[in-house]
Structures are given as C-alpha cells and as structure tokens.
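Taking it in order: structure first as structure tokens, then the write-up.
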Amino acid sequence: MSTIIVPTDVPPVSDDVEQLRKAFEGWGTNEGLIIEILSHRNAKQRKLIRQTYAQTYNEDLLKALDKELTRDFERIVLLWTYDPPERDAFLANEIVKNGAKSHQVIVEIACTRSSHDLLLAKKEYHARYQKSLEEDVANYTSGDIRKLLWPLVTSYRYEGEEVDMTLAKSEAKLIHDKITENCYDYDDFIRILTTRSKAQINATLNHYKDEFGQEVNKNLKADPNDEFLKILRATITSLTNPAKYFERVLRLAINKQGTDEDALTRVVATRAEFDMKAIKEEYKKRNSVSLNEAIAKDTRGDYEDMLLALAGSDDA
C-alpha cells in the first residue's frame, strides 16, 4: 500500500548522488531538488544512494543533510533517509534517552511492525547504542507501564492467519472478567496482548464485542487520565487496526491548537512506504477532509512539500 511513486525510469544512482551534491553547493541549498530525488526513492534505493554518496565524497549523506537543512524540514528528510530499522532504533532511543513521558513511539514500533521488522530494529539499536532496546525500555519505565512495554518489545509474534476460536472465546471471557474487576494489569491480559498473533488477538477482541456488546477499548476508559490505560488502548488499536491508530495520532497532531510536528513527521516518514493509503482513507472518513488538505492548511514551505510528496496524491 505504498504511496511513494518511484519513477519507472530511475536514473543511475551516481546521477542522484551528483544531483544531491549540487543541491548542497553554491550560495543556497536547493531544497526542491532534495525533495524531488529523495521523496521518490524507495528504501532500497535510498540506502544505495547513501552508500554511493559516502564512497564518492567520503561523507555521510545524513551529516551533509544535517548541515544544510533546518527545523521540521530537516527532521523529516533525515527520518525518511534512514533505513526503516535504523529509523525505528533512532526514534526509540530518543524516547528512552530523553525520559519522555509519552510511550506512544515504543508502542508503535512494537505493535505496528512485523515481528521481523521489530527484530531488525532491535538489532540496529544494539549496534548503534551498545545496549539492547529491551534493557533501555526496562530502565526508563516502571510499574504497570513497564509490565506492558517490556514484553511488547521482547515479543516475536507468529505472523500467520490461523486462529483458534475456542481459545479466542475463552480469552475474551477472561479479559471481560478482569475489566469488570478493574484488574487492567492482570498478568494473563498482558500476556495475551504481548504474545498472541495479531490474527488471534483480532479474533479474541471481535468475539469480545459480539459477546459483551462493546469494543474492549470502550471498557478501558474508566479513567481518561490514567496513563497506563491510555497505553493499553493504544496497544490494542495499533495491534488490531493500525490505520485507525495512526489516523488518531494524525488527527491529534493536526487538529489541536498548534501542530504537533514531531508526531506528524513521525507518522508520515514511517508509514509512507507501508500503509499510508489506508491511513489516508481512514482520515478522510473520520474528518471529512483529506489528510493532504489538512497538511497543506497546517504546514508551510519545504516541510509541507516534503510531507505531501511522501503522503502521495489523493488520487493514488
């Protein structure tokens, strides 16, 4: 479901590298040329561009971009230019390094990536920071939040579509019983969310809704200000309906007073090659305007141009 339109006649990588170098030279940076090249290259092509740039000019392309660009435009170009596992490692490390109170990024990386992609991100994290992601998540969290986040990042879920309906029914009842008792941190509830395949979790929560008349997340709003319950709801939505999860992140980022550029940048940069089309459909359905219209209204300049290039046209 990638929205990135890669030209069928992509020039040789040496041409892209030469053009990027030209964009950095002279009196001013040619931001338009940077957008034109990088936003229309997929992850494999961008990786090759970085390797060739380093071999040709003895300089890391990311460092060259860092020197030439500023603010939100710099951040989205850098995030986009990273390899996906490298990007996830970088984003996760930002959270644990800064001791951020928002645990959303860790939930996204643990729950919306495939088991293989999560493993690659963890390997990259280990290589870059000489620590494990699991270790850092355990160190920077505590209490119920650690109890949920740590097994999420250590998980390697089965990716198949097979479902055990007997198990789904019994675990739906278990979840309902514990929510009724306000026992949200119950070990088996967390075990189900952190170890079952996404297909199995979907079956369990669909049965929950059919049997008990309400989606599980509706029953997890007992205290809207409870941080653990927020993370629990985010975990459930990102596991079962990533497009719905990311739509909400974008809606909160764009619609509140003052844009949350970090969240907007993160979602567009991380999802453009994966499920942006589904996210945009969800956004239009929920907000009655397209994501592109919302971005154009809330952002300006090169940053806006890069966001829209990655989001893809509304006709795509």
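Any Cβ shown, glycine's included, is placed from N, Cα and C.
Unlike curated entries, TrEMBL annotations are predicted automatically.
The annotation Ca(2+) 1 binding site is assigned in TrEMBL to PHE24, GLY26, GLY28, GLU68, ILE254, LYS256, GLY258, ALA296, THR299, GLU304. THR299 (Ca(2+) 1 binding site): 21 other CB atoms within 10 A of its CB, across all protein chains.
There are 17 other CB atoms within 10 A of the CB of ASP298 (Ca(2+) 3 binding site), with all protein chains counted. The Ca(2+) 3 binding site annotation in TrEMBL covers ASP298.
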Next item on the list: Identify which of the binding-site residues GLY28, GLY258 has its Cβ surrounded by the largest number of other Cβ atoms within 10 Å, counting every protein chain shown.
Entry: GLY28
Next item on the list: Please list residues from the chain of ILE254 (Ca(2+) 1 binding site) whose Cβ is under 8 angstroms from its Cβ, counting only those at least six apart in sequence.
Entry: ASP260, LEU264, ALA294, ILE295, ASP298
